[in-house]
């Protein structure tokens, strides 16, 4: 991967061109018609979610499909799914930074933004899903008149700290990378009122070699911490299930397999966002087919690991021969939700295999289909993890199927709208591609071309 | 009377050459600015060195304190029989401190960075120099100290190194 | 005890005020309520305010009384328990006693008399009656009641008839005993009532009979049967031949599905073996013939210790032959003179009334607590005939079908609001004592009769009842009321003489489909249909709630090409199908009492099955409990039939969930498993350790415990729609399982696991363990993550998905009165809160407080389910005391824990079901 | 201005700290709060100056969960003899005459999900004053203690220092006179018995 010129078109070898391409629209440009339409649509979709959440708060969780046995349903699946998507950004910025991958430069900023938005949205669900959401703060340790503290043995409290730490850590990491670019925006001549705000948040950044050295040092330190952190976050989400004794949940493979699954769905979302951003913001010169190709390879690898994980899960049921596990396996493939099982295998394991072909790795339609397939497949997986186990537990007398309601779908849809809406706003406020890193890359590429 | 010789460079190589020439000539470098990370010698190493240690120390301290807090709440403040588990279930008590420690390390590192890199100075005198503003987007900038009378030499030296633009500023 | 001369314990107004206060108070999670303190003006309760007091009284079913104890707090009765002194209660209850308390506070109750011109006052109704009856000798006047066993009421009727000789009293109970009584008349020449002593029956043969099923005798029969099965020595064996599974069939050792028409053949074969002199060759399918052969073999070996019982659906001749067979077997049976003195046929007397009304020979009709419009055979056109009566009045608690058809309807007081008395099925008399003044302005049956007989003397109800029992002395009267039961009133067994051998003709099953019409185990003859608890109580066979589907056999379903919930039409009815294993081919079953057209918003709740499935419409013109021949036609449509349990079959290893043992067999020792679990935190050394042991062998699936728990613990009914979504609130569910070794019932409350998986997973410590081994759920701490239930292997936790406590089940009616039933010792749970069985922690705490305050030893509390259980299958006590009931049962060879292999160490454990499959297993 | 905003943003967590502190004070707990009553009944006069025992009016306190507020009849036991025409007592006389109960405002409020039992406390050496304060010094009745869960727990975790001999239960100064050694030993022995068989910090002690 030494060939830096693969990741940047020569038109972007000039620093001014890079700055103009990225900072220009933010400082001088007005939001286009397409942007306004997208904002209105996403706002409307968000509104649906807000109304559905309002209905849930007004009348109670009974508005959802949850029942006495399947006490968890869409809200928890949404939570796990969103937090999974929120994993790829940090992977790209931390792990690829440590391994000095040049292709991270163009995509890490929006991937990190995606992480922060997705984790924030994921963090809403543990509150939304509560029976009495107004008391969510009881999960936090504070000196109260009851003399009570949270239950540190609960995976939900682990979640609370994992999400809180991960979200704030990602925010700091994101902001750290943003500082030099904010300085660029601050210094650019233009009509935007935002320049004062950019200036304040740039904290007086000058770009002296001493500042750069501290900046790079902290970025590496944080990358070293972020990599295990991001793995632990999704391991803990896996422990929500694995630390129980229910059939289909109590599996030691869950934490690693949740981590892989998270990267998987995150990369799928990155691919979709990359496709949108490069055409919408005209950044084809910086987000190259080679980037897509690299992401597609990641999807291929992760998809294959998913297949391995599923296989090991099924095999362990067959191997131990535990009645409840076998029944669970049989139900997965022949029961009411078996359609979702096959959809999950198709989306998560089979579709990514298309990426063995280099041509397909660079084909936009194929990328869209596979990424969407992965996102759906991963959602099916999340819902199956919850519903299979809870629908057919140990006691046949308590077996109950789960049927989501319109409110359930509306809340899920609404969070999608919120994600898009927030992303659209961000795209007008911060540079979605890190300018200083592209400049650095351009310098290397220039040298290579010469 | 002191003055500053300020030169802009279009690329990193010329910038490095300018710095090298200034060094050779024994000129005092007042300021360097680059639009992306450029390491020049050991400049800033002293400033950056403790950041990693501060981050790690902050993280570890927070994690240990948090663990101690958990131990206190679970075994001293209000001990509960929770499913017959031991009061001090250290295995699971480790999880939250690890997560929180990572966050604390990030916060400590960020604070260390802001302090060590002398940030939050929004009205630094350097911002009065027009070239510095452009350094954040395209140009590399060198500012050398000089007297009003040897200004011409310094400018020549910088031009020789490949400066696309240079000028004298008198204070 | 306060003054007894008049029911002035608490003024009605005061109760209604309490009702209003109760509606607002004590919701978990509210901030501190700022309600005022209102002390009484005069001291009535003294220092007993807020404490539960117990009074003896009686509840009614089918006209028979069952002794009961009312639990009263601050003037509000909140629960009914059994009366140990009454032979039909034995300290336990059935579903109908448990649900009766909700009827008292039911907002659907009639509140004022209503006439042709709408709501009217009592004086208007009295004037209407006086203007018609003044000076008349009662000609053309008819009093229609259900079965009357009350000595006071019977005396009052006799008094009225003495004054008005023309007054006719017709009594007709919906679920009649005409066939039994007529059978005895055929066998012995006089009507007698058969009282089987099941405690002495080694072999019990049930021919289409269901003594363990619903009815006034259920508790007594079930207790005797369970006592016999528990006794050491020769194992008891129960044989059941029946068309559709009943509770008796499910609990039987051996059971076979048999067409009702062939029951007579089976009995003929049995009789032949005992020397009728006829050949035993009868028309029976081969499996049934082999089954009957086993029955004959066992009966021969059990002379004097075997009983044959025949169901009410069989014709009198079959009952007569059974009497002969029992006599030949020297069966442990007492014959007594009928407790109901009216010896006429229930069906024929009602038919004659219908006829007379249609002919215009009835000018005044007073219906007292009966609903003939619902249960009369449709061919009589009873409601039309009723329309011809110039003055008709129905006294009933609810706006039922008859009340809607009569010109006047008047509110009848609840038995907890009136003075009275009643006899049990064995003749034992007990007193009905009011706990409150009528809440909704109803009048008692005695007061209603006084209106029919305006010329008669008018002592108040209390004085009349007291006079009836000759309680001239205050002390005597007080003792009578404290006991509730009048000693020495049980009927003495009579010697019936030799039974005549009546040989019914052998029968054959017709090729066409027929429908059997049993009473509903939850609604009885339909009178439970207004009761939300009864409606929400799962059927013991299908576990369906809020309605009943048409049961057909798997074979018939295949032939028709229908599945569960597919609607079929037949004989003008349409009903969804429920396929039932063990249903006889060619026979469908539709329980009575569901699908009402009137009665209030509960009886006709949306989501229940419509009136098209009313089983009474299938009754032939001569009554009986079989339909004519019908053809089932699938419609292709589906109906939703909410059920609490969908799967009964346990296959493979799952069978270990419900172990079934042969007599004398022990549970296999569980393999010792390595565990990392420590001992947990220390507890104070002398704390009691609560535990429960449930004997699945004794459980008859009657659901009394389920509703007892509901009444005790403020568990709301949530309606068919919510149940249909898979939600339910019963803390205690009675699971029904079937597998190759047998089947039966398994009540599942919270297991109170010692190493509870639900506790460490809650982020806010709402579920925690007490030093006494209770798995506590602190409602006010719960934030509703539901993680506990997700982690519960037994799925015994219940979540308030909506504001169930403020339920709007009663339509437009204000549900506030229902809140007066609530137990003040138990928190009413808010929306979004998880709840579950607490082992009745309020009873434990009350017992502990009592002990701690007086310094006396702790009296082991009785849980609500334990108190209710007719067969004493539920045992509760202190495990730390080696002499306690539960500690001893834990050493029983049949002892096991549910899902023991998970290492949850449940405190609720079980004794395995015993099934005596017999040597000849597999031959039938 | 931007700087002010930034400072405020950074200080906003202090608001949370303020709330955290406030919840422990009388502003939220209601400690030391007086409540307006229809009849300005003075515990100071009745219990303090006249020396009427608490149990004369609060009859349920030794036998049941509720201490009970006296009926009008109890008031009139004395007030049919003395102060028969006092304007202040008109509502009491009116109550007896019309049969309508007196309506008192609640001073000590516990939420509906807390099940407090007076007699089990009073019969085990917890003096009235432990929760209700020195009523003999209160002309108007106020909530003397915070009555928060933390406050209940303080005693349930370590009851020894709150208990008094049974004959001093209704004294308003339980801690003034020293408890004789043998009395203290007896209380301590009793407490040991309770603590061997009950865990007073179990949630079911108060919640069910």
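Heads up, the Cβ atoms here are built off N, Cα and C, so glycines get one too.
Curation does not apply to TrEMBL; its annotations are automatic.
Per TrEMBL, transmembrane segment is recorded for A:35-59 (among others). Residues 128, 133, 406-407, 410-418, 420-421, 424-425, 427-428 of the same chain lie 6 or more positions beyond the ends of the transmembrane segment (A:35-59) yet place their CB under 8 Å from a CB of it.
Sequence annotations record features per position, and here TrEMBL assigns transmembrane segment to A:79-98 (among others).
Per TrEMBL, the feature transmembrane segment maps to A:110-135 (among others). Same-chain residues lying 6 or more positions outside the transmembrane segment (A:110-135) and placing a CB less than 8 Å from one of its CB atoms are 53, 56-57, 60-61, 72, 75-76, 78-83, 85-90, 92-93, 156, 159-160, 163-164, 166-167, 170-171, 173-174, 177, 266, 269-270, 273-274, 277, 411, 415, 418-419, 422-423, 426, 430, 432-433.
Long-range contacts of the transmembrane segment (A:155-178) within its own chain (CB-CB distance under 8 A, at least 6 residues past either end) are made by residues 83, 86, 89-90, 93-94, 108-109, 112-113, 115-116, 119-120, 122-123, 126, 139-140, 201, 215, 218-219, 222-223, 225-226, 229-230, 232-233, 236-237, 239-240, 243, 430, 434. Taken from TrEMBL, the feature transmembrane segment covers A:155-178 (among others).
Summarising the annotation, TrEMBL assigns transmembrane segment to A:221-245 (among others).
Annotation comment: TrEMBL describes A:257-277 (among others) as transmembrane segment.
The transmembrane segment annotation in TrEMBL covers A:298-319 (among others).
Residues or ranges marked as transmembrane segment in TrEMBL: A:331-351 (among others). With a threshold of 8 Å between CB atoms, the same-chain residues lying at least 6 positions outside the transmembrane segment (A:331-351) that come near it are 261, 264, 303-304, 306-307, 310, 369-370, 373-378, 380-381, 383-384, 387-388, 391-392, 401.
According to TrEMBL, the feature transmembrane segment maps to A:363-380 (among others). Cβ atoms under 8 Å from those of the transmembrane segment (A:363-380) belong to residues 77, 81, 84-85, 261, 264-265, 267-269, 271-272, 275, 292, 296, 299, 303, 340-341, 343-349, 351-352, 354-355 of the same chain, restricted to positions at least 6 beyond its ends.
Per TrEMBL, the feature transmembrane segment maps to A:400-426 (among others).
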- Query: Any chance the transmembrane segment (A:79-98) and the transmembrane segment (A:257-277) are in contact, meaning at least three CB pairs closer than 8 A with a sequence separation of 6+?
  - Reply: yes
